[in-house]
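Notes for the one structure printed next.
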């Protein structure tokens, strides 16, 4: 087995090669006296398809041509080449930059961006053109990932970390999680929860012992680093992943993006999606069966539920039934609402019953 | 020196005593056949005063009387007593609950709250009436605090933690930071930055070595736990604290709330404010001197700057000059904008120059 460090170095070599070849192709074109052009896979809606086998969105095979022969495309190509060159420097020195920093760095170039939105899009162009992730190019998201508590040992550079020996808030998944080695663990599963309130409840009620589990605090919509971590523990360590979110369309979809990826990131879902992860959060049936404190669905909740009903990622019978039921009862409930029965109830009663019912 | 554990146990004892005496006083009143009443210090604007000596907002000495003889106040007193009883249970068992859980717990009581806003206010009533913090009562904020990187060793329960051996995202300050012992350190100062993007830049450029510093990533407005941590490292360890935020009214005020507390929390500022902390972030002068990439001030920025100008916490000449200058140039700048001069510039040039100028 190769170590994560070798793996990371290989990915870096690959990134440098791909970045270099982008420039080489342009130089070759010039040498051959043809007009330089770059093929950029299309990210338009019509080229985003749900792959039934892989169970996530992928890009189709349509692409656009960016040519230096087209006056409108010259600036775009210039930006791409400048950014590719900057990224090559990052990867070669083992550094990273945030998208925000990348945007400001361009202020020192001869060719600049109108705003950060524009530089972000060129970053995605580069990702999709080269077929590697932004993180492989050294471009990191601003935000950290989830918190992890439980008996897993990681190696980040030369530091060994045990996520049960880092204080009550556990280990924070850093944007560079791909370079972190999963050394050892002593758990049977992974339970991710939507809020840090629930994370601390799980830690305090010893859920990590009771269920022999890692506890992951998602902090809302899961960061890319969190999704990489969940995919890696699922696929590299063979641990089942359960997502225990609130019982509303937003909680459902935070889970679904972890499971089946997002349409917007169709070109990198193969690196991010964990199709074997399971939703174990609050359902409409739970709201009824546990007589939970609820809030009425707002118009925007109803609208969102109807969208999810039509979304191919929700085509399982389970989702059809639960979405229809939630629309019918017109109510939603948060996971913390189980506190009605005492703070311990969610760990002592609810989660065991949900795990049993799987 | 007493250990933090003993200190925490003492605080717990104190909390239990205060909670118990709240109930005792009511029982005594009944025994003496007087109508039970509770004195609640007023948190109205007219009772919030800026204390020039302590350099933060405190509560004045006005208070209101809540009496069971007043029909309108009966429910409020009932809620307070129920909550006090619940908190006593929390403190005695060493548990905590989020404000959200607290609200849901009340759904199982005979007396409930209309919404969470109402239960939060009763929580503050309890805090101010007993003269101890919400955290002492076991009521924790939902969110975690800042990230800390650098050579400090902490002890949380029986686990020793070194914030340089926890991965690239460092140690996360947990809501229960008051029970964490500051065991040992090998740094000269603490530099807090507003964003995690800048935090990772500082870690990557070895700022912790170059400045022999802890690096704290505030993640925007500092959580109560973060403010406790900064106060403790400043006062218990004697480390100077510098806050390096963005150059806009929001960055200024994130720093100022750490330094001089907030008006809303006047009753606990003595536990939260760090009056010796210094703003070391981007100023209007920096924007001009370093020719930084900027954004124009929006109407709301201008409005906010004018508010800050009148705020007693900004009465130093330094702030008067810088606020006026920012209004005059009509521009703001983020700390990451130094990337215009290369990713290393902020650590290699800017921060050293700022520290020298102090």
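Counting begins at 1 with the first residue displayed.
Just so it is clear, glycine is given a Cβ too, placed from its N, Cα and C backbone atoms.
Any TrEMBL annotation is an automated prediction that lacks curation.
Here is what TrEMBL says about this protein:
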type	residues	note
ACT_SITE	B:104	active site, O-(5'-phospho-DNA)-tyrosine intermediate
BINDING	B:194, B:246	Mg(2+) binding site
DOMAIN	B:75-138	domain 'Spo11/DNA topoisomerase VI subunit A N-terminal'
DOMAIN	B:142-186	domain 'Type II DNA topoisomerase VI subunit A all-beta'
DOMAIN	B:190-355	domain 'Topoisomerase 6 subunit A/Spo11 TOPRIM'
Rounded distance in angstrom between the Cα atoms of residue B:246 (Mg(2+) binding site) and residue B:104 (active site, O-(5'-phospho-DNA)-tyrosine intermediate): 38
Rounded Cα separation (Å) that holds between residue B:104 (active site, O-(5'-phospho-DNA)-tyrosine intermediate) and residue B:194 (Mg(2+) binding site): 33
Taken over the domain 'Topoisomerase 6 subunit A/Spo11 TOPRIM' (B:190-355), the model's mean pLDDT: 96
Site with most surrounding Cβ atoms, counting all protein chains shown within 10 Å, from the binding-site residues B:194, B:246: B:194
Secondary structure content, the domain 'Type II DNA topoisomerase VI subunit A all-beta' (B:142-186) (per DSSP, counts of residues): 3 helix, 19 strand, 23 coil
